[in-house]
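Before any comments, here is the structure.
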Amino acid sequence: MNNLLSAYVTMLLILLSISGGAIASENCNDTSGVHQKILVCIQNEIAKSETQIRNNISSKSIDYGFPDDFYSKQRLAIHEKCMLYINVGGQRGELLMNQCELSMLQGLDIYIQQYIEDVDNS
């Protein structure tokens, strides 16, 4: 049963990466399909993305018009959207929820970088 679950999670990760969804960095490739290792790796990637976004916003907030609560509101919206995956249940739902949050945070980071670039070039 454990091997079946491990194979399923590995296939899920492969499908997510093929489908163009954000997948945790290459560092997560050595997790060997172990759910807890995959989850921790994705959560570490989420933490890195959060730190990068907060640093970009805080260093640019005055010049670029970011409201004080911009990040917290965006992060809450991401979390609420991704919580839908919990309804899937079990380890699969937990993994999908975390992967969703990582993907959406990476999208938010790209959006913020583009916003800053647009303001700089206007």
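For all residues, glycine too, the Cβ spot is worked out from N, Cα and C.
Record features (Swiss-Prot):
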{"type": "DISULFID", "residues": "Cys28-Cys41", "note": "disulfide bond"}
{"type": "DISULFID", "residues": "Cys82-Cys100", "note": "disulfide bond"}
{"type": "SIGNAL", "residues": "1-24", "note": "signal peptide"}
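Just so you know, the Cβ of Cys100 (disulfide bond) picks up 20 other Cβ atoms within 10 Å once every protein chain is counted. Spacing of Cys28 (disulfide bond) relative to Cys100 (disulfide bond) is 16 Å (Cα to Cα, whole number). Cβ neighbours within 10 Å of Cys82 (disulfide bond), excluding its own Cβ and spanning all shown chains: 19.
Cys41 (disulfide bond) sits 18 Å from Cys82 (disulfide bond), counting Cα to Cα.
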